[in-house]
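**Q** Quick one: the structure is below, and I'll ask about it shortly.
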Amino acid sequence: MNIIEGKLNLDSNTKIAIINARFNHIITDRLVEGAKDAFLRHGGKKENLSLILVPGAFELPYALKKAIESEKFDAICCVGAVIRGSTPHFDYVSAETTKGIANVSLNHNIPVSFGVLTTDTIEQAIERAGSKAGNKGFEAMTTVIEMLNLTKEL
């Protein structure tokens, strides 16, 4: 049986964008730091990493689509944080953001990772942005690196 999997290394020319939803920036800044750390630890060059900032999670799919269409990047890592409040807004934003990123990803030939936290509390978000539960920005970047390399093998 042949096993095909992506490796966790980047060549010196790989260009990756992080698209960051600034809303809840206390959390998302930490996700970006985790993603940058993963990029550099796996062989990426600082000058080949771009950070695209959008106001909130709902804007991620549109920015993702435009970034892909620019043909400047080999892969894209989306990060953000949607934290439940006292209104149904959380449900709409988290669902549409997830669907939007998935739809854009499946309709283009470029690896995309989903590092958008959807949590019930700020404490859960903090845990996933670099404390008890690791850093989901770091994980999203390693995922997109692995998928980029897997794509080359398929």
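Yeah, the Cβs are placed from backbone N, Cα and C, and that goes for glycine too.
As annotated in Swiss-Prot:
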BINDING   PHE23, ALA57, PHE58, GLU59, ALA81, VAL82, ILE83, PHE114  5-amino-6-(D-ribitylamino)uracil binding site
BINDING   SER86, THR87, ARG128  (2S)-2-hydroxy-3-oxobutyl phosphate binding site
ACT_SITE  HIS89  active site, proton donor
**Q** Say you check the Cα of ALA57 (5-amino-6-(D-ribitylamino)uracil binding site) against those of the recorded positions SER86, THR87, HIS89, ARG128; which is nearest?
**A** HIS89
**Q** Give the three-state DSSP assignment (helix, strand or coil) for PHE23 (5-amino-6-(D-ribitylamino)uracil binding site).
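**A** For PHE23 (5-amino-6-(D-ribitylamino)uracil binding site) - judged by DSSP and reduced to three states - the answer is coil.
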**Q** Looking only at DSSP and grouping its letters into three states, which state does ALA81 (5-amino-6-(D-ribitylamino)uracil binding site) belong to?
**A** strand
**Q** Among PHE23, ALA57, PHE58, GLU59, ALA81, VAL82, ILE83, PHE114, recorded 5-amino-6-(D-ribitylamino)uracil binders, what is the largest CA to CA distance in Å?
**A** 16
**Q** To the nearest whole angstrom, state the Cα distance for the pair GLU59 (5-amino-6-(D-ribitylamino)uracil binding site) and THR87 ((2S)-2-hydroxy-3-oxobutyl phosphate binding site).
**A** 20
**Q** Could you measure between PHE114 (5-amino-6-(D-ribitylamino)uracil binding site) and SER86 ((2S)-2-hydroxy-3-oxobutyl phosphate binding site) for me? Cα positions, answer in whole angstrom.
**A** 25
**Q** If you compare CA-to-CA distances from PHE58 (5-amino-6-(D-ribitylamino)uracil binding site) to each of the recorded positions SER86, THR87, HIS89, ARG128, which comes out shortest?
**A** HIS89
**Q** Between ILE83 (5-amino-6-(D-ribitylamino)uracil binding site) and ARG128 ((2S)-2-hydroxy-3-oxobutyl phosphate binding site), find the distance joining the two CA atoms and give it rounded to the nearest Å.
**A** 12
**Q** In Å, how large is the greatest distance between any two Cα atoms among SER86, THR87, ARG128, the listed binders of (2S)-2-hydroxy-3-oxobutyl phosphate?
**A** 23
**Q** Find, for the listed binding-site residues ALA57, ALA81, VAL82, ILE83, the residue with the lowest Cβ contact count at a 10 Å cut-off, counting only other Cβ atoms.
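**A** Each of the binding-site residues ALA57, ALA81, VAL82, ILE83 was scored; lowest Cβ tally within 10 Å is ILE83.
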**Q** If you draw a 10 Å sphere around the Cβ of THR87 ((2S)-2-hydroxy-3-oxobutyl phosphate binding site), how many other Cβ atoms fall inside it, taking every protein chain shown into account?
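**A** For THR87 ((2S)-2-hydroxy-3-oxobutyl phosphate binding site), the count of other Cβ atoms within 10 Å is 8.
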